[in-house]
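Peer 1: Below is one structure. I have some questions about it.
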Ligand SMILES: Cc1ncc(COP(=O)(O)O)c(C=O)c1O
Ligand SMILES: Nc1c(O)cccc1C(=O)C[C@H](N)C(=O)O
């Protein structure tokens, strides 16, 4: 792989540990996002590099949720659907998430899991493409996809009479043709951290009249996404990683505004009906993005997410700053690993090129599962991913450069 690093080696000329300590202190001292860390519940003796599985808890969320439970649910009860804005929460919070992924209002709805939204988006995309041209009978799916997307793509393809073709994300633009109905691609690969080309793949899909569905789980809140700018058709993502919405926080679905009229939901629940309380036997879709709702929203976790998103209201917290810090953190971590871990012991699966890198570093090594267990025992929390990947997620809102150095040092102790 040409765009990947091969860190490792105490080669002559590598900065020594004391110099790395000074560098980490300097980088932390200059960090414009440094103060944001205090908003999160974190332990100083643990290096938490797993925000790409479960983001940390913002301190203010429990107080807000206590109010939702005690006052909105406990005292207002059923009145809260209107008076506390519960009914409209999926669209209201959708607009807030939309602002973080480059979507203007009215195109994002929050609710259900990412898995369910992948299904809605993909079946909706294929139905739309086939309504224009029934010869569109293929779905292309990112061959390295997170498993749930692959399982759902197989089912969605079967339901719509399509063949499913797994294709490497990098090859997708060249593989799309007149038979393609839809493509399903991960913006950032969960295993390697590779950032796939959203602009080029979406453009290629449009060239052939196909629709592009993007999974933003590992990019939303970590880097600029620019859905509107690139005229993405559909996008889905979870909110419990870089958006810190909490365990099981609801996911979101983006449908570009000019496609909403034609969106034919495969899950037309009563919450998306034009008049839910008319309780009509026949389905009539609601307007706009409301069409993508299904059943009763997950109010407690939705409102926890809404509170968590307040972290982004601080004018100092911009997605551009987050991206700049993410790249600086991952660069610094790779440099520390290169300086402290003996050569040849680990190999980076994450591209060196900033244009191809998400917000994580994945290192391949022998016995990775046991290595990660030992790292966690020593206070460095990442993930092991099959078959041989140590995955370190860098959430710029709360990760320090000194954390990156400490993680590399402990890794060197464990496998050096
Ligand atoms: C890229 C990607 N897609 C989908 C999912 C699954 O989402 P959910 O379990 O919320 O449906 C995850 C993580 O779990 C993921 O990393
Ligand atoms: N959703 C998760 C869960 O419920 C339990 C443990 C981990 C997760 C994750 O999100 C895993 C994550 N999507 C990944 O990229 O590996």
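For all residues, glycine too, the Cβ spot is worked out from N, Cα and C.
Caution: TrEMBL annotation is automatic and unverified by curators.
Quick paste from TrEMBL:
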| type | residues | note |
| --- | --- | --- |
| BINDING | 114, 115, 146, 147, 148, 149, 215, 218, 240, 270, 296 | pyridoxal 5'-phosphate binding site |
| MOD_RES | 241 | N6-(pyridoxal phosphate)lysine |
Peer 1: Could you find out if DSSP has residue 148 (pyridoxal 5'-phosphate binding site) as helix, strand or coil?
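Peer 2: The residue in question, residue 148 (pyridoxal 5'-phosphate binding site), is helix (DSSP, three-state).
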Peer 1: Mind giving me a neighbour count for residue 240 (pyridoxal 5'-phosphate binding site)? Other Cβ atoms within 10 Å of its Cβ, every protein chain shown.
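Peer 2: The answer is 23 other Cβ atoms.
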Peer 1: Within the chain of residue 296 (pyridoxal 5'-phosphate binding site), which residues six or more apart in sequence place their C-beta under 8 angstroms from its C-beta?
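Peer 2: Residues satisfying the criterion: 271.
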Peer 1: For the binding-site residues 114, 148, work out the Cβ neighbour count at 10 Å and name the residue with the minimum.
Peer 2: 148
Peer 1: Among all protein chains shown, how many Cβ atoms are found within 10 Å of the Cβ of residue 146 (pyridoxal 5'-phosphate binding site), not counting that one?
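Peer 2: The answer is 18.
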Peer 1: Counting every protein chain present, what is the number of Cβ atoms, excluding its own, within 10 Å of the Cβ of residue 215 (pyridoxal 5'-phosphate binding site)?
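Peer 2: Here the count is 30.
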Peer 1: Taking ligand 1 as the reference, state which of the recorded positions 146, 215, 240, 241, 296 have a Cβ closer than 6 Å to one of its atoms.
Peer 2: 146, 215
Peer 1: When a 10 Å sphere is centred on the Cβ of residue 241 (N6-(pyridoxal phosphate)lysine), how many other Cβ atoms does it contain?
Peer 2: 26
Peer 1: Please give the maximum pairwise Cα distance, in Å and rounded to a whole number, for the pyridoxal 5'-phosphate-binding set 114, 115, 146, 147, 148, 149, 215, 218, 240, 270, 296.
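Peer 2: The widest Cα-Cα gap among those binding residues is 31 Å.
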Peer 1: Under DSSP, is residue 296 (pyridoxal 5'-phosphate binding site) part of a helix or a strand, or is it coil?
Peer 2: coil
